[in-house]
Amino acid sequence: MTPYSSFLFFILLGILLLPTIILGLNGKRFQAYNMFISIIILALIFSHDLHGVIALCLFTIWQVLLISGYLAYRQKANSGFVFCGAVIASILPLFLSKIWPFLSHPQPHHPPHNLISFLGISYLTFKGVQLIMEARDGLLKEQLPLHRLLYFILFFPTISSGPIDRYRRFVKDEQKAWTKEEYADLLYTGIHKIFIGFLYKFIIGYAINTYFIMNLPAITHNKILGNLLYMYGYSMYLFFDFAGYTMFAVGVSYIMGIKSPENFNKPFISKNIKDFWNRWHMSLSFWFRDYVFMRFVFWMTKKKWIKNRMAVSNIGYFLLFMLMGVWHGLAPQYIIYGLYHAVLMTCYNFFEKWNKKYKWLPSNRWTTILAIVITFHFVCFGFYIFSGKPFHHHH
């Protein structure tokens, strides 16, 4: 059962969350109950997928051993090699799940069963890597209580597609004793978000896909216009589908007393590509910014291998977006999508510097509108690449 994809899922979820809501509105602690229903809901999600359950359990044991082991090691020593080893070991299951389809030679009609992969592996990997990095930075000092670590890794509302939370932020919410009034606020916000999610995913997103994208052959026979309309349609569909999905995840988290981070902030009114990545899939881009880009820039500055700061940040962007592309998958569209955004970020970097120097583009209402329109088209073209449509040859 895929999370948030059927009304049955919401009905079961509603029934299971009732005790949480009653406890919360009476100002009582509900985290132990939440941990209990998390197990039930994970069992529901994976009910038809025994491979998935086994993979999830093995993956979780692997990550917990790695994190606990590295934390224990970090209290005594701090070698860069051990740190890199731990990070690589943490990413290994995800890496294997990505290359698995290429390793096993499938018959064209029977895709091989990916034994390593399971729903949510890409998002859970972020949690493991993040904990190891925070231990390295000395932000996590003592061993993490097992139940709390497991609850963080396996927190079901965000398991399949994020948003990506941070351990210390999560635990602060998890340990907090919400008052009746605070919980009533959380509950209201959560339900509100869930209804916006219904609007986005099941009404707007569904309508765009069913009545626009599916009907494109009937709307126009012109190939160029057809592709252009597909680009706009797909970009809108992607946003409403994914933002709706995120609304569900965040809404359910709020009802469970966890304020999961937001993922979208009006991405289509971004004034430039940097602004776009601060508004689109924010928990993902901030994760890459903090754990890949900043580390890389810091490391380069410390080692003084490349003196030019502009070059360092541009190489950092290529590293970040190539990783982000590969993280989505190894199909050509994802890798080209990553490259495309790296090039855009680099060009914008140069433009920004140049514009600061020569004041070529004045800042007023019209240039802002122009900037939004230009950014929007660059972004949509990126999604057009991402959709894989340019790579499908029609017979």
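Just so it is clear, glycine is given a Cβ too, placed from its N, Cα and C backbone atoms.
Same-chain neighbours of the topological domain 'Extracellular' (1-6): 44-45, 47-48, 119, 156-157, 159-160, 197, 201, 245, 248-249, counting only residues six or more beyond its ends whose CB sits under 8 Å from a CB of the stretch. Annotation comment: Swiss-Prot describes 1-6 (among others) as topological domain 'Extracellular', evidence class a curator's inference.
Taken from Swiss-Prot, the feature transmembrane segment covers 7-26 (among others).
Over the topological domain 'Cytoplasmic' (27-30) the predicted model carries a mean pLDDT of 94. Taken from Swiss-Prot, the feature topological domain 'Cytoplasmic' covers 27-30 (among others), and the record attributes it to a curator's inference.
Annotation source Swiss-Prot lists transmembrane segment at 31-46 (among others), citing similarity to another entry.
Swiss-Prot lists 47-50 (among others) with the feature topological domain 'Extracellular'.
Look at Swiss-Prot and you will find 51-76 (among others) tagged as transmembrane segment.
What Swiss-Prot records for 80-104 (among others) is transmembrane segment.
As annotated by Swiss-Prot, topological domain 'Extracellular' applies to 105-120 (among others).
Per Swiss-Prot, transmembrane segment is recorded for 121-137 (among others), and the stated evidence type is similarity to another entry.
As annotated by Swiss-Prot, topological domain 'Cytoplasmic' applies to 138-145 (among others). Summarised by DSSP class, the composition of the topological domain 'Cytoplasmic' (138-145) is 0 helix, 0 strand, 8 coil.
For 146-175 (among others), the entry in Swiss-Prot reads intramembrane segment. Note on the intramembrane segment (146-175): residues 2-3, 31, 34-35, 38, 41-42, 45, 60, 63-64, 67-68, 119-120, 123-124, 126-128, 130-131, 134, 139-140, 242, 245-246, 248-250, 252-253, 256-263, 281-284, 287 of its chain, located 6 or more positions outside it, place their CB under 8 angstroms from a CB of the stretch.
Taken from Swiss-Prot, the feature topological domain 'Cytoplasmic' covers 176-179 (among others), and the record attributes it to a curator's inference. The list of residues near the topological domain 'Cytoplasmic' (176-179) in space but at least 6 beyond its ends in sequence, with Cβ under 8 angstroms from a Cβ of it, reads 24, 27, 29, 186, 257.
Summarising the annotation, Swiss-Prot assigns transmembrane segment to 180-223 (among others) and lists similarity to another entry as the type of evidence. Through the fold, the transmembrane segment (180-223) approaches residues 4, 21, 24-27, 229-230, 233-234, 236-237, 240-241, 243-248, 250-255, 257, 259 of its own chain, all at least 6 residues removed from its boundaries and within a Cβ separation under 8 Å.
The transmembrane segment annotation in Swiss-Prot covers 225-256 (among others).
Sequence annotations record features per position, and here Swiss-Prot assigns topological domain 'Cytoplasmic' to 257-266 (among others). Residue counts of the topological domain 'Cytoplasmic' (257-266) by helix, strand and coil are 0 helix, 0 strand, 10 coil (DSSP-based).
Proximity of distant same-chain residues to the intramembrane segment (267-303), defined by a Cβ-Cβ separation under 8 Å and at least 6 residues beyond the stretch ends, is recorded for 126, 129-130, 133, 162-165, 239, 242, 261, 309, 312-313, 315-317, 319-320, 323-324, 341, 344-345, 348, 352, 368, 371-372, 375-376, 378-379. Taken from Swiss-Prot, the feature intramembrane segment applies to 267-303 (among others), supported by similarity to another entry.
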Which range wins on Cβ pairs under 8 Å with the transmembrane segment (225-256): 7-26, 80-104, 334-351, 365-387?
365-387
Under a Cβ pair cut-off of under 8 Å, which of the recorded stretches 51-76, 121-137, 334-351 contacts the transmembrane segment (365-387) most often?
334-351
Among 7-26, 51-76, 80-104, 309-328, which stretch has the most Cβ pairs under 8 Å to the transmembrane segment (334-351)?
309-328
Just to be sure I understand the packing, how many Cβ atoms besides its own are within 10 Å of the Cβ of His328 (active site)?
16
